Amino acid sequence: FYFSYGFLLLLLHTMRAVIGLEKKIIVSKLGENTTLSCIYHGRELHLKNLRVYWQIADDQEECTVVHALISGQDNESEQCIHFKNRTQLFWDRLENGDFSLLLLNVSQGDEHTYKCVVLEKAEYTSMVHQAEVVLSLAASYSQPILSGPISNSDSTGEEVTFSCRSGNGYPEPNLYWINKTDNSHLLPSELMIIPNNNGTYSVFSTLKVKATSNMQIECSIENKILQENLSANYTEQKQSNGSSTESHKNLKKSGQGAQAAGIISIVILMGVLAVIICWLRRRRSSRLESY
């Protein structure tokens, strides 16, 4: 009877643990602080009777202890070196059932599945609550820089090369070359994803295509975790460029014509004034002689 009763209690606690398991996915940017959530909404608990463990749930890790709270006190005796001085519980929230963990200055080494386990020790030790948090890390890529061929009216039909670069992002990105005239995807001629010393990545790609009179090429960088898409565009408009150049020439010619007309008008005006002055002088001289 006692064996059956004990087994029944163990089974009930196990079922409650499975039913109460929460699992969340959190995305954090590299270098920032992030909160791993673990909140119990049940009955009132007393800290002196509790043991709270934050662990790495990944099986391949040798050290799994992220943070431990025993009888209301932090216990660092078995904490992994990687997490020393980087974890904090929210002390003002513990008695309200909030056992969330603040993880400081996250890096690629923190990308794990974490488990929060809350145990209560009374007549026997029982599991009160548990939760799992999957931590994914990301960093935004820089605005891509797209370099295209120099405009040349004679390059139509010839092979031209575009290049696109971006950096300081995480994880590895997807890079797309797109022909915007029909939104078709183009295969890159070269694609390099380069790891940086700080754990982020840089990406560089080239595209070789035959030039057309209305090329519209886009380079797009996708970060799936952050759901970010950054793009740069190149548009070839030879006809409009030619028109603007021709307009500039016509404007220049018009300006030169107006300037010449102005000079001629001044010369004519000066000639008329000279004639009037001479006429006035002769008239005055004839009056003097008559007198």
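Cβ atoms here come from the backbone N, Cα and C positions, even for glycine.
In TrEMBL, annotation is done automatically, which means it is predicted and not curated.
TrEMBL lists 1-20 with the feature signal peptide. Taken from TrEMBL, the feature domain 'Ig-like' applies to 31-134, 144-231. For 260-280, the entry in TrEMBL reads transmembrane segment.
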**Q.** For the domain 'Ig-like' (31-134), the number of residues DSSP places in helix, strand and coil
**A.** 12 helix, 45 strand, 47 coil
Q | Predicted model, mean pLDDT over the domain 'Ig-like' (144-231) | A | 91
Q: Mind tallying the domain 'Ig-like' (144-231) by DSSP state, helix then strand then coil?
A: 0 helix, 52 strand, 36 coil
